[in-house]
DNA sequence: CCATCTTTGTGCACGCGTTCACAAAGACAT
DNA sequence: ATGTCTTTGTGAACGCGTGCACAAAGATGG
């Protein structure tokens with residue numbers, strides 16, 4: 001699924017475009033891999049290939065951070081790892097709570113990617129009394145009655161919601177009221193939050209539906225022969241896969 | 001965020017912008033809820049509020065599908081549900097395989113959102129012999145040796161990868177070779193696939209890092225008097241995601 | 001049948017993001 | 001030093017997506 005964010009288009013974080021921010025973790029991962037192999041420097045071309053992006057885009061992205069490269073040589077891997085980490089705020093500890101310890105919540109609690117980058121699962125919270133006290137990923141599940149206290153005691157500012165959709169909004173409200181200002185939402189619900197609170201959404205069902213759309217399109221296009229690199233332009237002879245009314249008119 | 005897509009800028013699906021396609025599932029969900037409450041018609045304003053988007057954007061999105069509204073009245077809920085479902089290809093059955101039945105794979109297998117919209121978990125596949133035969137979500141796990149046969153026997157075109165990152169690319173290669181043309185990747189790896197294969201990426205770690213970035217920015221702006229008039233007043237646009245910045249992945 | 005009211009559909013302008021293409025900057029050899 | 005070679009950093013152009021604002025279309029009432 002995809003992602004959506006609650007964000008004001010005007011407030012460009014600090015000159016760093018949102019699209020660039022979204023790619024920084026990608027670069028960081030590639031750089032970390034290089035660092036582990038003790039590679040000292042890397043060119044924009046190589047790094048771009050490793051991250052799966054265009055090299056011009058990568059250079060422009062880095063230019064927003066500053067001039068950290070050396071012309072004729074490339075970028076110092078360790079230095080760049082540090083700069084990106086700092087920019088992303090990963091040099092500090094981020095306590096995170098996960099609310100809703102079902103299958104998905106448990107999976108996230110066990111997910112190694114959290115701890116590896118400054119994120120620490122501070123608490124697991126569930127509304128089911130039967131869950132309270134049970135160990136998941138080595139952490140005891142706490143009851144949601146104590147949500148506010150848990151948030152404030154641990155100084156949590158990031159919350160992950162993996163509850164059923166019906167209670168997601170109310171959990172969200174309580175998290176926000178308790179001081180959480182960033183939310184990662186896995187429930188298939190549109191959350192409404194006050195200004196100043198960021199919400200990112202991960203929706204599995206939506207991701208699949210987008211794939212299905214393209215899949216259907218591919219299936220319906222099978223008269224196109226052997227993959228011509230570019231299909232001219234507006235296909236006027238296009239038809240709905242199941243023979244229905246095409247209905248699409250380009251603006 | 002979580003999504004990356006293999007974007008072919010030239011092959012614009014069929015006049016329907018990618019951004020619109022990504023929102024259709026959102027509208028569909030809101031419409032389904034209305035349908036269950038037997039609401040006959042809905043205005044663009046109401047539906048937009050329910051989906052958390054701007055009403056002008058919603059109308060423009062629908063205009064790509066055709067003129068399905070009635071001026072002065074709004075949109076017929078049932079009819080719109082059908083049209084969007086058809087456009088997304090949800091009127092047909094999509095068998096899906098999940099490869100890598102760890103915590104996350106099991107969570108996905110149990111996820112109700114799959115079956116609810118034409119997606120059917122056709123098989124669960126894992127490389128660990130100890131997993132083979134075990135029931136997860138009522139489905140017997142099969143060994144990865146049989147991957148190719150499973151794909152072809154079930155006519156699977158959509159694969160979900162929830163393996164450790166180390167083996168994700170090779171699993172991907174086998175899926176593609178066996179005929180899969182759409183992949184939903186949960187492994188923190190940049191997959192390389194041939195043209196014609198769509199990849200969408202969901203990366204939990206990246207989502208958190210993006211949140212951390214904004215969180216840090218918020219914290220750092222608290223006592224800063226510098227420049228930004230923008231930071232002071234948040235926009236008055238209320239709730240709801242007003243933008244969607246997908247992280248674009250390469251093919 | 002005409003007037004009014006509601007809501008859609010869209011032309012237009014604007015801004016963000018991507019990409020190209022190249023000058024500037026440094027490394028390196030002679 | 002000077003020239004050559006590599007690679008960065010960025011100016012500029014372009015295309016996509018968003019949102020405004022309004023005319024067209026239909027409903028509704030008199």
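Numbers here mean position along the shown chain, with the first residue as 1.
Just so it is clear, glycine is given a Cβ too, placed from its N, Cα and C backbone atoms.
Pulled from TrEMBL:
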DNA_BIND  B:26-65  DNA-binding region
DOMAIN    B:89-190  domain 'CoA-binding'
BINDING   B:100, B:101, B:102, B:103, B:104, B:105  NAD(+) binding site
REGION    B:217-251  region 'Disordered'
Spatial neighbours of residue B:103 (NAD(+) binding site) that are distant in sequence (at least 6 apart) but have CB under 8 A: none
Local backbone state of residue B:104 (NAD(+) binding site), from DSSP in three classes: helix
Candidates from B:100, B:101, B:103 close to chain A, where binding-site residues are judged by Cβ under 8 Å: B:103
Residue B:101 (NAD(+) binding site) CB neighbourhood, other CB atoms within 10 A: 26
Sparsest-packed of the listed binding-site residues (B:100, B:102, B:105) - C-beta count within 10 angstroms: B:102
Same-chain residues at least 6 apart in sequence whose Cβ lies under 8 Å from residue B:104 (NAD(+) binding site): B:162, B:186
Secondary structure content, the DNA-binding region (B:26-65) (per DSSP, counts of residues): 30 helix, 2 strand, 8 coil
Local confidence of the prediction over the DNA-binding region (B:26-65), expressed as mean pLDDT: 98
